[in-house]
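Below: one structure, written as structure tokens.
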Amino acid sequence: MKMIHIIFLVVSILFSTSNALTQDFCVADVKASDTPAGFPCKNAADVTVDDFVFDGLKMSGNTTNIISAAVTPAFVAQFPGLNGLGLSMARLDLAPKGVIPFHTHPAASEILVVLRGAITAGFVSSSANTVYVKTLRKGDIMVFPQGLLHFQLNTGKTHANAFVSFNSPNPGLQILDFALFANNLPSSLVGATTFLDLAQIKKLKSVLGGSG
Ligand SMILES: *[C@@H]1O[C@H](CO)[C@@H](O)[C@H](O)[C@H]1NC(C)=O
């Protein structure tokens, strides 16, 4: 065999192998459990265009609640076509004074675009606890680096809304006040670990549904 034939053979074997490993998509089989590597794939024969379309963000979320705000997620659990693609979205609706309280997404950075109203948004660096805060208006975008505590507050006089994108199909969401006051961690321990007054802790636990 001539050298050129050997090269051709090797290249075609490599090409066919890599083709075999290439998969266009892996729509989540949401009946299974999510894993660190994502959901298992739904059978390709059962995939339809509706797995790649999500209409749940066109309606305003219900802001009649304690935070006067709503987060409507389009994460992989709601939108199975995102599985394995490394991205997702959500919609934020905020009545005047509404707030998405201090929270973190452990698995993703976030980019926000304001569509309506005025939103004061900020995050705190983890290394120096430096605050980065700005009031954003229609068309403004802001990025929140992965894992950092951040918030969004409606500081305008009208309803505000924004769309956010994440570089993970399942960014995770932990709200600081809920972690401290919406569970059964004893108030004495909350006090000892946060330096907050017991009366304030009890008040927040009662408002946020915690006990202890
Ligand atoms: C919004 O939520 C409140 C409180 O749960 C509820 O009373 C109200 O009916 C909801 N509004 C709509 C339009 O679903």
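Every residue gets a Cβ built from N, Cα and C, even glycine.
Quick look at what TrEMBL annotates:
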- HIS103, HIS105, GLU110, HIS150: Mn(2+) binding site (BINDING)
- HIS105, GLU110: oxalate binding site (BINDING)
- CYS26-CYS41: disulfide bond (DISULFID)
- 55-202: domain 'Cupin type-1' (DOMAIN)
- 1-20: signal peptide (SIGNAL)
Original post:
In the same chain, outside HIS103, HIS105, GLU110, HIS150, whose C-beta lies within 8 angstroms of the Cβ mean position for the Mn(2+) site?
Top reply: THR104, PHE123, PHE144, LEU148, LEU149, PRO171, LEU173
**OP:** Indicate whether HIS105 (Mn(2+) binding site) is helix, strand or coil by DSSP.
**Re:** coil
Subject >> Count of other CB atoms lying within 10 Å of the CB belonging to GLU110 (Mn(2+) binding site) >> reply: 25
Original post:
For the domain 'Cupin type-1' (55-202), DSSP counts of helix, strand and coil?
Top reply: 22 helix, 58 strand, 68 coil
Subject >> Whole-number Å value for how far CYS41 (disulfide bond) lies from HIS103 (Mn(2+) binding site) (Cα to Cα) >> reply: 31
Original post:
Going by DSSP, is CYS26 (disulfide bond) part of a helix, a strand, or coil?
Top reply: coil
Subject >> Distance, CYS26 (disulfide bond) to HIS150 (Mn(2+) binding site) (CA atoms, angstrom) >> reply: 32
